[in-house]
Amino acid sequence: MNCSDIAKNSTVFPSSQFTEKESFNENGTPIIKVVGVGGGGDNAVNHMYKQGIPGVSFVVTNTDRQALNNSPVPERLLLGPTVTRGLGAGNKPERAKAAAEESAAEIAELFDEDTKMVFITAGMGGGTGTGASPVVARIARERGMLTVGIVTIPFLFEGEKKIMKALEGADEMSRYVDAMLVINNERLTEIYSDLNFENAFDMADETLTDAARSISEMINTNGKINLDFEDVNTTLKDGGTAIISTGYGEGENRVTKAIQDALNSPLLKYRDIQTSKRFLFNLYYSQDADKQLTMGEMNEITNFMTNFAKDVDVIWGTSVDNSLDGKVKITILASGFDISLGKEFHYKSKDGGRHGKKQEPESQISSARIAEEYGQEKVAEITRIKASANYILLSPEQMDNDVLINFVEKNPTYRRGADVKLREEWKALCEMQAESAQQQPAASSSGLHGRVVEFD
């Protein structure tokens with residue numbers, strides 16, 4: 001098959017024909033290292049470590065000594081023992097940053113000459129992950145590593161303040177990495193809506209695990225059309241916002257199904273993969289399956305690629321995996337999206353980070369930025385719910401009314417707002433209490449007067 005069949009209007013690079021396994025160095029050490037920073041990052045690395053991915057080594061770093069001691073990962077680094085005394089950053093990114101700077105020499109030692117690629121993962125919006133991960137990323141890149149950041153940003157319900165802290169932390173980190181993968185926790189509620197709470201978070205950790213496993217597998221497998229580390233480097237180096245994802249398909253149109261499965265990822269957020277500037281994929285199939293991969297099935301990839309821009313750079317390969325049986329698997333790497341972290345709004349950092357003029361009020365910038373990351377419709381829905389919320393202000397007399405207090409205690413706010421019957425009960429109780437109060441002599445000289453804002 002001619003490569004031009006895959007993307008006729010694209011620049012298609014032949015994959016390298018390197019055939020030796022190279023996710024390990026000659027001395028047997030892995031070339032890929034995953035570093036967790038802070039609680040969220042360390043949890044993800046703990047999850048990965050338990051999976052036992054070949055060709056990958058792991059490190060956890062934290063300002064919290066107790067959290068490090070509880071990690072199963074052998075290689076650990078306490079950040080800023082003088083700054084934090086091992087007690088954590090107290091939800092203060094600036095404190096975590098100072099801690100990481102204190103430990104800069106120890107961080108640099110993590111990235112020896114055997115390491116070629118580093119994943120740095122952190123949860124944004126708290127202290128250590130937000131403040132320390134940009135420092136770790138900066139040091140890794142200064143050491144010449146292909147540096148990929150993978151961060152999570154909060155759920156919408158966690159509020160604008162935490163979200164903006166997270167986005168500013170992600171922006172700062174994006175200055176120091178070649179490629180940035182962002183897992184939006186809000187997407188978990190959409191993609192994994194039927195999973196229980198804990199399993200949904202496991203899927204977020206699994207997204208990182210899949211990314212590292214996919215890279216290791218890709219460069220460790222001798223393909224029919226082979227891919228190697230330099231192909232990965234070409235795709236992700238200075239790539240900006242990126243995704244790494246794997247999908248499976250079987251039955252009719254199985255290649256298309258595999259592509260769609262790969263694209264159903266928390267990493268894609270609300271942007272279109274077809275706006276990426278660099279695209280690498282590896283297609284895995286079984287030689288032992290009753291249904292062999294056909295040239296006709298490759299047209300499904302051609303159809304998918306026709307909507308990409310004419311200037312997209314494409315690298316592709318194929319590999320045999322007989323464990324797939326009748327399934328096919330596709331791993332996708334894409335980078336250079338039109339929309340990227342920090343593109344539209346810049347934020348000042350004390351150490352000379354991004355600088356930009358804020359031409360709109362801070363509140364407008366915050367709203368626009370959150371809409372960019374979470375989707376305008378989702379933000380509008382949250383805003384509508386907030387606008388329809390009603391608040392109850394109890395007077396001193398009502399605070400002493402056992403009937404009202406008992407009702408409030410037994411019926412949480414979220415139920416009172418959603419349950420029509422409960423709203424009617426509350427309204428009736430308030431009216432009864434008001435009538436009773438009118439029959440009493442005017443009381444209190446305190447000047448305190450309460451009112452009830454009724455439910456819709």
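Cβ coordinates come from backbone N, Cα and C, glycine included.
Positions annotated as domain 'Tubulin/FtsZ GTPase' by TrEMBL: 31-223.
Mapped onto three states, the DSSP output places T128 (GTP binding site) in helix. Counting Cβ atoms from all protein chains shown, T128 (GTP binding site) has 34 others lying within 10 Å of its own Cβ. Residues annotated as GTP binding site in TrEMBL: G39, G40, G41, D42, N43, G127, T128, G129, E158, K162, D205.
The domain 'Tubulin/FtsZ 2-layer sandwich' feature in TrEMBL is assigned to 225-346.
The region 'Disordered' feature in TrEMBL is assigned to 435-456.
Residues annotated as compositional bias 'Low complexity' in TrEMBL: 435-446.
Counting other Cβ atoms within 10 Å of each Cβ, the lowest count among the binding-site residues G39, G41 belongs to G39. Take G39, G40, G41, D42, N43, G127, T128, G129, E158, K162, D205, the residues named in the record as contacts for GTP: the widest Cα to Cα gap among them comes to 21 Å. Highest local Cβ density among the binding-site residues E158, D205 belongs to D205, counted as other Cβ atoms within 10 Å over all protein chains shown. In the three-state DSSP scheme, G39 (GTP binding site) is classed as helix. Its Cβ taken as reference, N43 (GTP binding site) is surrounded by 20 other Cβ atoms within 10 Å in the chains shown.
A helical conformation is recorded for D205 (GTP binding site) in the three-state DSSP classification.
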